[in-house]
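According to TrEMBL, the protein has these features:
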DOMAIN    B:74-292  domain 'ABC transmembrane type-1'
TRANSMEM  B:12-32  transmembrane segment
TRANSMEM  B:79-99  transmembrane segment
TRANSMEM  B:111-137  transmembrane segment
TRANSMEM  B:175-197  transmembrane segment
TRANSMEM  B:218-238  transmembrane segment
TRANSMEM  B:274-296  transmembrane segment
Amino acid sequence: MDKNQRSGTANRKISKTIIYIVCIFLAVLSILPFWIMFVNATRSTPEIQNGLSLLPSTHMMSNLRVLLDKSFDPLQGFLNSFIISSSATLCTVYFSSLAAYGLVTYSWKLRSSFFTFIMCVMMIPSQASAIGFYQFMYKLHWTNSFLPLILPAIAAPAVVFFMRQYLLATLSMEIVEASRVDGSGEFSTFNRIILPLMMPAVATQAIFAFVANWNNLFMPLILLTQKEKYTMPIMVSLLRGDIYKTEFGSIYMGLALTALPLFVVYFLLSRYIIVGVALGGVKE
Amino acid sequence: MRRKGVNYSKYGYIFTFPFVLAFLIFSLYPILYTAFIGFTDMQGLIPKTIHILDDPFKNFKDLLFENASFRKSLLNTGLLWIVNFIPQMVLALLLTAWFTNRRLNIRGQGAFKVLLYMPNIITASTIAVLFSTLFAYPMGPVNSLFHMLGWSDAPIFFLQDKTTARGIVAFIQFWMWYGNTMIILIAGVMGINPALFESAAIDGANGFQTFFRITLPSLRTILLFTLITSMVGGLTMFDIPQLFLAGGPDDSTLTTSMFIYGQAFKGSYMYNRAAAASMMMFVIAAALSGMLFYLMRDRDAAKLKKAEKAEKMNNRKAAAQAAVKEG
């Protein structure tokens, strides 16, 4: 009996060691490509072609100079991406919360059909309507404008779904009733009382909406053709062009610059992001 | 002053109105318009009057029966999805089993989750270009690494071989998404009634038995959800293959989204053909969503069963406890 138990703990120790090794390997696998990217952004092209190194070198500024010489304007790209992503995020979270509140609080004839409708359109890929969308925007002369990248964010079915679940779990009708008694209109009740109550859910969804818009390539690539309108992901595609064929140092520099803001955001907010991913998956 | 009997129901319509309006303008109309374009002769850069074709389904038929490139793109999309999804699911399940096993009590889970999820948040375009640069020929970091470790004698031209190119695209997708799947699955396991695990432990179930008999069946809904959202996501795969190799070598990493993009926006302006391809993609996505919808409806029945099972387990547990006390 004693022997059995001892071999059991020994087994567990072995399997725990294996698990830690696998996990550490996977963690290294997550970090290594980005590590090489940041390190190589500071190394000269000959150094990079000479072999792998995990320690930074001293050519950061020269790489940056080569990069900026070739009409790569990360600040403009950053600004464009920021304008699009933040406006789209505001649209998404505000109007989705509003719609979810409308769904939960009021009883109206089409309520359940509206909910079914949201469930149905939740998974329509934007690529499926891209051709019609482009032609439509072309006729409106809205290509090379940020509006077609921002306004569609008002209708975000998955976010409405999430907000509805959140409200169902947290909202008590007494708050709404009380504010009505105090003479508050329905809109100001929502803006002043309900929206602040929804902040945890709003923050989570805002992070994901922002990142999704920031990383979006397909729609901006179709709609934006003027260089000064390019977003970050389109600028990345420029790095694949012929002008950078041999300038490895500056390619890594450009990649590092486009990824850096996301790393900063991720390490500041990773706790909330992980919780958000977990919540998003448990759709019950 | 309290007004009784005010009818608030109109606010339901008012509050959902912006959503509905934006949806009608920016989603429904473009989809219908895309479908319409699919039946017409809309081609070329300069807008001109378009006509519905004599045989309205000509674009669809051409794509399915005569366009080898389109069929290849469908095949590639499916292949790339399967090759990334199966290992992704296996690894995510394995990590879930490890991280949620109380007896093992793995430390540093928070840090592991943060690191394994990290690739998912970085711009896919950046990752695609990064990997194509890492696999550069003749001297790139991966070739250097292989040389250092003695795995290869001569530099390997990874990006010119169909199999390795496809393999790398599938690997990037796998690498970006397994952390996400793992976190969702762990959350799912946390949602399982702990009494189930306790009674299994009392019944003397080992780790494998607990995982296959309790964890997996309880995760059924979440697994289905992950499967189908991943399928729809895989169907629209664009950023990684587009910026990694732009479909090459020899169209081996050309996906359906890239086909649509290429037909309409890369100089050939075949809007009608691209629209027909989009519609086929839409039909597949709709079928998948319909499937999910149908399977999720089944949930109540499943819940009942689960409750029954839990009760049985509880009874057994109670009996076991009683037995222990008596003994």
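Quick reminder: no glycine exception, Cβ is built from N, Cα and C everywhere.
For the transmembrane segment (B:218-238), the partner stretch with the highest count of Cβ pairs under 8 angstroms, out of B:111-137, B:175-197, B:274-296, is B:274-296. Here the transmembrane segment (B:175-197) does not touch the transmembrane segment (B:12-32). Their Cβ atoms form fewer than 3 pairs under 8 Å, with each pair 6 or more residues apart. Panel annotation: around the transmembrane segment (B:111-137), residues 95, 99, 143, 155-160, 168, 172, 175-180, 182-183, 186, 239-245 of the same chain, lying at least six beyond its termini, place a Cβ under 8 Å from a Cβ of the stretch.
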